[in-house]
Amino acid sequence: MSLFSCAIKRYKEGNLILQICIGIVLGILIGIFSKDLAIFANIFGALFTGALKAIAPILVFILILTTICTKEFNHGSEKIKHIIFLYIFGTFLASLSAVSISFIFPVELVLTDIEKASTTSPAHIGEVFKTLLFQIVDNPIHALSSGNYLSILAWAIGGGFALRHCSNDAKQLFTDINEGVLKIVKFIVKLAPFGIFGLVANSVAQTGAAGLLSYIKLLIILVLTMFFVAFVINALIVFAYTKKNPYPLIFICLKHSAVFAFFTRSSAANIPVNMALCSKLNINNSLYSISIPLGATINMAGAAVTIAILSLAAAHTVGIEINFLQAMLLSVLAAFAACGASGVAGGSLLLIPLACSLFNIDYDIAMQVVAVGFIIGVIQDSVETALNSSTDVLFSAICSDNELNLKI
């Protein structure tokens with residue numbers, strides 16, 4: 001095996017988090033000490049962003065269409081229906097919290113060509129809905145090529161419901177296409193260290209410390225919001241449902257589920273850990289055997305927080321004023337989009353343009369925000385997954401008929 005082949009193999013098998021960290025450090029050093037080299041390195045960043053721009057519309061369309069077309073959500077049990085409601089309601093409250101916190105602590109990012117973006121926001125409800133309706137009825141081919149995510153979303157939902165009763169062979173075809181698109185996405189994300197290296201080098205060379213400080217502030221807001229959801233929103237939901245002190249159960253879920261999910265960065269990979277924890281908690285086996293795998297698919301509070309905060313950061317950066325109606329629409333849209341983000345590498349980040357389209361933010365600007373998300377994703381994605389996965393156990397526990405064992 002040649003030296004080049006060995007290097008590629010070691011890179012493919014390497015730890016992505018460590019590789020991204022190395023890319024960030026090298027990017028900072030290049031940006032500080034060699035502006036010319038940083039400008040050249042930006043080619044990697046531009047290629048990475050371009051690849052994301054190309055695949056994101058196709059991913060959203062295929063992912064949502066396939067999910068609606070193939071998933072069966074009617075499991076019969078009333079308890080399962082309660083858990084599904086809690087998953088969706090909790091995700092919406094997380095999104096609403098993120099929107100509220102973004103208004104209290106607005107974050108502006110250092111982006112390029114922000115003059116491209118729309119800097120006006122419709123003032124009246126009629127104008128908002130008129131804009132939305134005309135975006136929705138766009139030609140689907142044009143929507144995919146131009147990144148009109150509202151139209152993509154509408155056609156994907158319509159197509160998904162229209163195809164729910166198609167043959168199993170047809171559904172399998174869509175599932176296979178979906179898997180193919182996901183493999184392409186995983187390949188692009190595997191190249192993230194090179195793209196992030198170029199983006200960080202160029203950002204440091206062009207803006208100095210200002211760009212990095214805006215990233216750090218954004219990351220702090222994201223992490224604190226997810227902590228707020230874990231310790232306040234989830235606590236209120238548990239208390240409302242059980243009328244008992246929620247924190248002993250919350251701390252058990254965080255200790256035995258969130259810690260593992262933080263390092264695996266995958267809700268699906270954490271399913272065995274969660275099921276073992278449910279068994280220790282004495283939750284009904286017939287309940288958690290369905291609710292835990294289902295939660296790994298649709299319970300995405302952390303993803304909703306990411307989508308909402310980064311979308312509003314884009315709006316604040318380009319100077320768009322968001323009214324109350326648009327804020328509520330964003331909360332709903334972020335929650336809905338988050339439910340389709342499972343199983344996709346960087347899924348919540350790739351759905352940010354969908355939310356940005358609500359504010360007429362230029363597609364290129366939205367993809368720059370996605371790139372920023374990948375830069376801070378080393379921590380953001382880990383905390384997001386920890387919140388998502390631990391909440392699966394939390395909501396399963398409060399819906400269980402059995403006496404919970406909290407002495408573990």
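Cβ from N, Cα, C; glycine included.
Annotation comment: Swiss-Prot describes 14-34 (among others) as transmembrane segment, evidence class sequence analysis. Proximity of distant same-chain residues to the transmembrane segment (14-34), defined by a Cβ-Cβ separation under 8 Å and at least 6 residues beyond the stretch ends, is recorded for 41, 189-190, 192-194, 196-205, 212, 265, 374-375, 377-378, 382.
According to Swiss-Prot, the feature transmembrane segment maps to 43-63 (among others), an assignment based on sequence analysis.
The feature transmembrane segment is assigned by Swiss-Prot to 83-103 (among others).
According to Swiss-Prot, the transmembrane segment annotation covers 143-163 (among others), on the basis of sequence analysis.
What Swiss-Prot records for 181-201 (among others) is transmembrane segment, and it gives sequence analysis as the kind of evidence.
Annotated transmembrane segment per Swiss-Prot: 219-239 (among others), in sequence order. Cβ atoms under 8 Å from those of the transmembrane segment (219-239) belong to residues 86, 89-90, 93-94, 97-98, 101-102, 105, 107, 245-247, 249-250, 254, 258, 301-302, 305-306, 309, 376, 379-380, 383-384, 387, 390-391, 394-395, 398 of the same chain, restricted to positions at least 6 beyond its ends.
What Swiss-Prot records for 247-269 (among others) is transmembrane segment, and it gives sequence analysis as the kind of evidence.
If you look up Swiss-Prot, you'll see 290-310 (among others) marked as transmembrane segment. A Cβ distance under 8 Å defines the sequence-distant neighbours of the transmembrane segment (290-310), meaning residues of its chain 6+ beyond its ends; these are 71, 75, 77, 80, 83-84, 87-88, 90-95, 97-99, 101-102, 107, 218, 221-222, 225-226, 229, 233, 267-268, 270-271, 274-275, 278, 330-331, 334-335, 337-339, 341-343, 347-349, 351-352, 354-355, 369-370, 372-373, 380, 383-389, 391-393, 395-396, 399.
As annotated by Swiss-Prot, transmembrane segment applies to 332-352 (among others).
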Range from 43-63, 83-103, 143-163, 247-269 with the greatest count of C-beta pairs under 8 A to the transmembrane segment (181-201): 43-63
